[in-house]
């Protein structure tokens, strides 16, 4: 008999194991999460397996009594807190502004995954009926918000996920845990109720209308009332800071308790209450710096997954007398993890506005983990099939093979547990394998030769996936000053003695990339040391070593993500501000596609739109032109207009868009060109103000140009570049004229060169 002072009890041993593991995990949590990219669920499950009843035999929850009931209630507490936090962390009015994405992800995608999982279970487990396969498949339809925390939380990898995709996965994982109840009860009612028409009636009236619809309304009412009450208390000074921070946790417990008491879906009540509670993002902004929700979630997740690792039914994974073997479960897990969500998300990608391209669709389809929600739904299903209640009976009650649906009750728990274990391994380590493969593939040896490498020390370290700010023109001054100050710190100061001056002048060495060519200022001038004084290095604030803080300093507002060929700009809440595709930006225009014979651009709609654009451009050019001028004899201006109209649209806009003239300028230009032919007595070699004459090969003025007959000599004009008029103004008598007088008497003429138009 051992000494009474060191007697070990089961609860105290459980406290020591869970507390010891949690302490060790927190001491090295940064390395595990940020370096190894492993979540807390994976490490906690492995700890439970080691200390559980099949290895160390120190932590044995199966000896505590009714294990199913304990597991169900622990899972209920964790889920109501997690789904409430998921709803509270969403941006302002997210469910209303993104209802289309949520509708597609919660109904078509879930139904597709439910039916696909049913087919695999019905094919691989031979003794299961189709309705029983529907019931088991409904347990794994929902995604888990706990396992999805690695991509929807605040970790290092989650910051690389675009905000719109992260918010969509967060809202889906919080809402579909409660949405799995209708799928489950449809299969259960079809199994236990005869005839089938009663099953449909009860399913619509009890499950859809009362439990789900009324549960959502009740949760929204609770959230709105709680939001108004906490605002009132905070304004009147009735709450302290500690109570304010923990208010969301106790409100989640209240939603779970009141939902269970009145018989509605408590998970939907909690999620809707969280979304309504933080509908205006007021509470999220108030608690943004405290991180109290993350602390509570971490404690609950670590404790529960240690418990999950200890209750895994390892002997039941291989039961030959039940036609259940390990290879069937392995094949089933592979098929379900691949085909449950990925094909559905790729299929409905065009109907989800928050999914931009196939890369995001593949990412969203892969991260649909199976976790705590599957265990909770499985225990509810077993209780309904056993005793037609949500409270499970002790395990001894299901040992009788004479009860209905005995085989389904026996194989349901090991099948769901194996799928949960597979999801923990795959989704918990997929980020680690992704980052490892990415790092291996990007190893390269590069060599760059520069004249001076001092400027490289001032460049920020850019990591793949990190958003980069686009600096405005005003920020160029500070950039130049920072480069100059860094060069001053690394080079010695040269002191040159001035013989005429009493003091010495200090000259600083120039930057290597600014030594030959002077740096241009934003206004077109040069940077001057007196105009832009360098800032003192000692007065600068020291850089923070935390990478996240440095990234926040670089990107205080909008964030930019390059996803494949798509450039997405988001605000701080994950809303898409702009979406640009490189294919659209760099691709050929409509006119180029029509010229190249693109079959997609030859459709009637594209041709008609191109025709309307050309017609509108022609109408705008001829809008102010008088009718009498259109009937005149073709002159140089009309020939230029005809050439301009026959040019492609994209070349007109890019080359001569700044030379458009109005009707007054056109009349002045034609009047001056007409006077050229009338002044035969004047010297033709004297250039007139504002007029650029054309010259032929013999350097003589062309008579065809004076008469306005250029249509026969267009090909000859293309081979000659027109010479420019001299800069100095010359009068008709050959004497120079002052610049001011020349500017006053010079006509406002914009002469379009034919050779430039044809180029």
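Every residue gets a Cβ built from N, Cα and C, even glycine.
Residues or ranges marked as transmembrane segment in Swiss-Prot (evidence: sequence analysis): 12-32, 36-56, 105-125, 133-153, 172-192, 206-226, 244-264, 295-315, 319-339, 361-381, 415-435. The phosphothreonine annotation in Swiss-Prot covers 442, 448 and rests on experimental evidence. Annotated phosphoserine per Swiss-Prot: 446, 735, in sequence order, evidence recorded as experimental evidence. Taken from Swiss-Prot, the feature region 'Disordered' applies to 514-558, 578-606, 622-759. Annotated compositional bias 'Basic and acidic residues' per Swiss-Prot: 514-529, 537-547, 590-601, 622-647, 655-671, in sequence order. Residues or ranges marked as compositional bias 'Polar residues' in Swiss-Prot: 696-713. For 699, 713, the entry in Swiss-Prot reads N-linked glycosylation site, with the evidence type sequence analysis. As annotated by Swiss-Prot, compositional bias 'Low complexity' applies to 724-733.
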Folded-back contacts onto the transmembrane segment (319-339), same chain, C-beta under 8 angstroms, at least six residues removed: 116-117, 120-121, 124-127, 140, 407, 410-411, 414-415, 418-419, 422-423, 426
Cβ-Cβ under 8 Å with the transmembrane segment (12-32): same-chain residues at least 6 beyond its ends: 38, 40, 43-44, 47, 51, 58-59, 61, 299, 302-303, 306
Listed stretch, out of 105-125, 172-192, 295-315, that has the most CB pairs under 8 angstroms to the transmembrane segment (361-381): 172-192
Cβ pairs under 8 Å between the transmembrane segment (36-56) and the transmembrane segment (415-435), at least three: yes
Outside the transmembrane segment (172-192), six or more residues from its ends: residues with CB under 8 Å to it: 79, 82-83, 85-87, 102, 105-106, 110-111, 114, 131-132, 134-135, 138-139, 141-145, 148, 152, 198-200, 202-203, 206-208, 211-212, 215, 265-271, 274, 373, 376-377, 380-381, 384-385, 388, 404-405
Residues of the parent chain within Cβ reach of the transmembrane segment (244-264), under 8 Å, 6 or more residues beyond its termini: 76-77, 80-81, 84-85, 88, 210-212, 214-215, 218-219, 222, 226, 230, 234, 270, 273-274, 277, 283, 286-287, 290, 292-293, 296
Interface check, the transmembrane segment (295-315) with the transmembrane segment (105-125), three or more C-beta pairs under 8 A: no
